[in-house]
Structures are given as C-alpha cells and as structure tokens.
Amino acid sequence: MRSDTIKKGFDKAPHRSLLRATGLRDEDFDKPFIGIANSYIDIIPGHFFLHEYGEIVKAAIREAGGVPFVFNTIGVDDGIAMGHDGMLYSLPSREIIADSIETVMNAHKLDALICIPNCDKIVPGMIMGALRVNVPTVFVSGGPMAAGHKKDGTPIDLATAFEAVGEHAEGKITDEELYDIECNACPSGGSCSGMFTANSMNTLCEAMGIALPGNGTVLAMTPRRIEMVKAAAKRIVEMAKADDSKYNLKNVLNEKAVHNAFVVDMAMGGSSNTVLHMLAIAREAGVDFPIEKINEIADNVAHIAKISPSLTTVHMDDIDKAGGVNAVMKEISRRGGLLYLENPTVTGETLGERIADAKILNEEIIHRNENAYSQVGGLSILFGNLATEGAVVKTAGIELNMRQFKGTAICFNSQPEAITGIMKHKVKPGNVVVIRYEGPKGGPGMQEMLAPTALIQGMGLGDSVALITDGRFSGATKGASIGHVSPEAAEGGLIAFIEDGDEIELDTDKHLLRLNVSDDVIAARKANYKPYKNEVKSKWLKRYQLLVSNASNGAVLKTEL
C-alpha cells in the first residue's frame, strides 16, 4: 500500500507515534488510509451540511475496514460573489482547491481518496487535484436543492432571483413580488436546482464514471442521498484494499471518459463553464482534447433534456424522477457510437453495464432522440476573426431568432461598467454588448457575467440583444451570451479593438463569431492602441495573472514562465 511509506518499518516509529496521537491503534497500520476531501463551508448553501456527510463517510469507511482522514478545501459561492470584485476570486479558487488536494494526499501518502464537493469550482478543482495524485478515487457530491415556488405555486430558482432584479428595475414587478422571489428561490440546502455549473459538473461525474448513479440528480440531505454517501464510502475501501492500479483515477477518467462527458453535456444542455473545466480536467488527465473536437460531438448529439435556465419549469429533481442521468445516457446510446460504453466506472461495471436497465420514466422531461429539442447539442464553440481560438455559447438557452444575429457593438471595459450602462438604458434592441478585459488575465480571474445577462433578460431585451465577452457566464445565464472569447483583450485579441457601432455577426449553426470591419480599419486601430488595464492589488491575483493561460486551454496555470 502507498501508505506503507509512512507506517511500516522500524524507521517509521516517529511517524506512527504522531499517528497514534490521532487515535490510531496497532491494528490500524495494516488497513488502507483513505483521504476524505470535504468542502464543508457555512456560507455556501450547497456545502453548509457537508460536515454531516463527512462524519457519515468516516463511520462507513471504518466499518468497511479502512482508516479515514478528513481534510477540507476552500470554496466560493459564485452567487454571493456575483456582481462585485469578489467574483475575481471564483475561478482562481479552482487552482487552490486542486493544489490543496495534491498537497495533503501526497504529503501523507494516503492510499485512496473520496471527494465530497458540490458547487461550481469545487467539483472541477477536486477532480484536477485528484488526477494529479492518481489513486483510487470516488466522488460523492452534496446533491441539488429542490426548486423553489412563488406564493402562486410557480417554480423558481436562483436564476429567477437574478432576473427579477432587472424586472424590478423596469417596474415590471413590485417590492413585494421581488421579496417573494428572494425568500423562496432557494428553499433548502444543496447546489442550485437548475442545470447550472454545479449540477452540470456533478452530472458529468456520472458520465465520466467517477461517481455513483444519481450523483447529479438525487436531492441533497434525503435518505437516498445519504445511502449514496454510505455506498461511496464502502466502495472506496473496496477499491483501496484491492491495491490494483486499474482503479487509479486516470484509468477511469481517460480520453473516452472526457468524450462521454461532453456527449452527456450536449444532451442535457449543461453550463458553458463545463467547457472551461473539462478542458482543464483533460489536461490534468494527460488527454489531448482540442477545443474543436467539441463541435464534432455537438453536431451529432441530440439535445434531449432541457432544464432551467433553458426551461424554467424543469429542475434536477424532475430529471431524477424521469430516470436520471442513466436514462439520458441510455437514450443517447440508442444511436450507436456516441458513447464509449466499454469504459470502466468506479462501481466496477462498464458504463454500458451501468445503464443497461435504465428507462425514461417521463418522456416530457427526458425526450426520445427523435423528439429532441434539437438534433444538435446544447453547447457550441464559435470561431471567426473575433475568436480565432474559440468562444463558447450555450445554444440550449438561446431563442431561435437569436441563433443567427447581426448587431451593432456597444463596448464596456469591465463588468461593473456594463451593469451601470444596462441599468441606465444605454443598451438598445439590436445591440451586441461587448464586455472585455474580463478574461483570465484581464480581470484577472475571468468573472461570471450573470448580473448583466440577467438584467438584459429581466428588462425584456433577451430576444433582441446579444452579449460577447472574454469573461464567462454563470450556468444560470441564458440568451445569446457568448463567452470565453479567445484570445482575450488582455492578450491583444481582436475583442480589444471593437468600437461602438461596429457590426458583429454570430451564427451558432455555422459556429461563427465575426467582426465585420475591414482589415485596414483594424490595423489602424491597432497602431493607436492603448491597452486598458484593471488595477490589481491582491498578491494572489497578481500571481494568478502571471501564470494563467487563456480560456481555450481551460484557464489552467502554466508551470513555466
């Protein structure tokens, strides 16, 4: 066992002495040492109860014959960090989480790992760190919260609350109606109830085979979720005791698993952030997965499940009751060749064996391929002179009339500037809002743009205004919102040289994003270019700015300058 490095031999007497201080006894030194990476934190609704999960996992590991060691990672709530400079820290937190997993696991030579994430950057951060360690690993997330309901019974969620701010600013709803939404949008603990970033990533854990079935859809703190937590703990001990490299994470999360994740992502219309995170995960897994490959997948996968924010009446609990992610994968597999069904999973089954008996229980929630919302996937990578290295759009959330769009640019050099401009009614129908210098380097930190996109929706401009940015979006964003524009403005990308009134063209079917301005005009602008720079005071963000790559590379940190 890997942990023999710290517990076997006469020369490890000091090490054992320290371990005995934590309560270990003679018999424990022959058992596998299991790391429990918890992400318990009080301020995040999806995490404040995870200390209870940690205790359940500890007890189950001991009962199964392992020795558990809990450690914690940090976490950022993107919703609470939204719309102010706190959002600068969201994406960088992914790197801290990955580094912390690697540090604790390798410093103490633990044999196996069970990760308890739930929200946004915590899931991919834990996956990235676990891949570096490459020991047997199981993920068991906290689970989604239930959808909320207004007093009149209308289902709502966090996206409703953000859009309500724009509606209130326009006088479309009263103070009382806004308060009703505020108090009921997030009714319980768990990751926010739609197919936002957290639930997208928790769902993809199932597709990659690194979590148990139901990980992305079974509600938080329910008896079924608790049983899943116990089962995951039991399984990690079985994997650790086997002491077989076939269970090491990179042998499960391989190139085929990355492909499977993107297939399910397309079928369910996941968050655009999944592109950023899956590209980063692929790099940590040693998988060469060029961004262009995503469109090849999208063009062949039907979009069969539409969930909030794309369809506001459907939430993760509805998907669970309709058969869950297994039912989605089973339906996808009816069109042969889309999923690698022979790929292993942490349960010991192949993916094909896992989904063999899955059934769609409600075809109004999970559609058949032939009755899909679209015969192409819910995400698209756009290319063109504005995005020579790619940009990302969630096609699942775009109205049909906005999938081909030409509009005139109105430019903002930061998210706060854009929010002010939108609130002051500077944005008109037919505009393309450009928010730049918000990329990984420019922000730095690549802020999410939920506040401006929600304002656009709430103010009734969602079917007549597009938005492009080198920043990114919340999974709760909908509309013609194109993010991750690469190269970013801070790298001298063309987005830096757009001026008010320029024509911008997008076509999601053709994967096109183009600035319709002549090369001569662009060359003249470049000759007189004075780059905009955000003032960065934080030492951590300055380090991040120096090391981060662009979005087309997953915004991972470079290991060499």
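Glycine residues also receive a Cβ, built from the backbone N, Cα and C atoms like all the rest.
For reference, Swiss-Prot has these:
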ACT_SITE  SER474  active site, proton acceptor
BINDING   ASP78, ASP120, LYS121, GLU448  Mg(2+) binding site
BINDING   CYS119, CYS192  [2Fe-2S] cluster binding site
MOD_RES   LYS121  N6-carboxylysine
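Where Swiss-Prot records a feature, it is marked here on the structure.
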residue: ASP78; record: Mg(2+) binding site; DSSP class: helix
residue: CYS119; record: [2Fe-2S] cluster binding site; DSSP class: coil
residue: CYS192; record: [2Fe-2S] cluster binding site; DSSP class: coil
residue: GLU448; record: Mg(2+) binding site; DSSP class: strand
residue: SER474; record: active site, proton acceptor; DSSP class: coil
Report task. Identify which of the binding-site residues ASP78, GLU448 has its Cβ surrounded by the largest number of other Cβ atoms within 10 Å, counting every protein chain shown. Result -> GLU448
**Report entry** ASP120 (Mg(2+) binding site), number of other Cβ atoms within 10 Å
**Finding:** 33
Report summary line: Keeping only the binding-site residues of ASP78, CYS119, ASP120, CYS192, GLU448 whose C-alpha lies within 10 A of that of SER474 (active site, proton acceptor) yields ASP78, ASP120, GLU448
Query raised in the report: Which chain-mates of CYS119 ([2Fe-2S] cluster binding site) that are at least 6 residues away have a CB under 8 A from its CB, listed by sequence?
Result: ILE44, GLY46, HIS47, GLY75, ASP77, ASP78, GLY142, SER191, CYS192, THR197, ALA198
Report task. Starting from the Mg(2+) site formed by ASP78, ASP120, LYS121, GLU448, give every other residue of that chain whose CB sits within 8 Å of the mean position of their CB atoms, in sequence order. Result -> VAL76, ASP77, ALA81, SER90, LEU91, CYS119, THR197, ASN273, SER474
Report summary line: If you count the other CB atoms within 10 A of the CB of CYS192 ([2Fe-2S] cluster binding site), including all protein chains displayed, you should get 32
Report task. Using Cβ-Cβ distances, find the residues under 8 Å from LYS121 (Mg(2+) binding site) that belong to the same chain and are at least 6 apart in sequence, listing them in sequence order. Result -> GLY75, VAL76, ASP78, SER90, LEU91, SER93, ARG94, ILE97
Report task. Count the other Cβ atoms sitting within 10 Å of the Cβ of SER474 (active site, proton acceptor), across every protein chain shown. Result -> 29
